[in-house]
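Engineer: Before I ask anything, let me first share the structure, which is written out below as structure tokens.
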Amino acid sequence: AYSGELGIVKHLISNGADVNAKDKYGRTPLHLAAMMRKVDIVKTLLKHNADINARDDDKLTALHYAGYRNKLVELLLAHGASL
């Protein structure tokens, strides 16, 4: 999700990648996609049941990482995100 390549993300998901896997900081692909403002990847991860309220080691959610950019904030809130 961090690289921002939608095709790669779709390929990984279709081959069984865990959309809720965490990195060494407890961040999920959704955190990373939100951080990089990759709306299409956020949509894809949500479509594949990414945990919208997952918290990283700092207790931050994807909504925090969205940086309060209107488009992503609206998308995350529409899917039930909370702080």
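Placement of Cβ uses the backbone N, Cα and C atoms for every residue, glycine included.
All TrEMBL annotations are machine predictions without curation.
Quantities reported herein were computed from a predicted structural model and do not represent experimental measurements.
As listed in TrEMBL for this protein:
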type	residues	note
REPEAT	1-24	repeat 'ANK'
REPEAT	25-57	repeat 'ANK'
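Describe each of these features in terms of where it is and what it packs against.
Structural biologist: Using DSSP to sort the residues of the repeat 'ANK' (1-24) gives these counts of helix, strand and coil: 9 helix, 0 strand, 15 coil.
Sequence-distant contacts of the repeat 'ANK' (25-57), counting only residues of its own chain at least 6 positions beyond either end whose CB sits under 8 Å from a CB of the stretch, comprise 1-2, 4, 6, 9-10, 13, 19, 63, 65-67, 69, 71-72, 75-76, 79-82.
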Engineer: Within the repeat 'ANK' (25-57), how many residues are helix, strand or coil going by DSSP?
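Structural biologist: Its residues divide into 16 helix, 0 strand, 17 coil.
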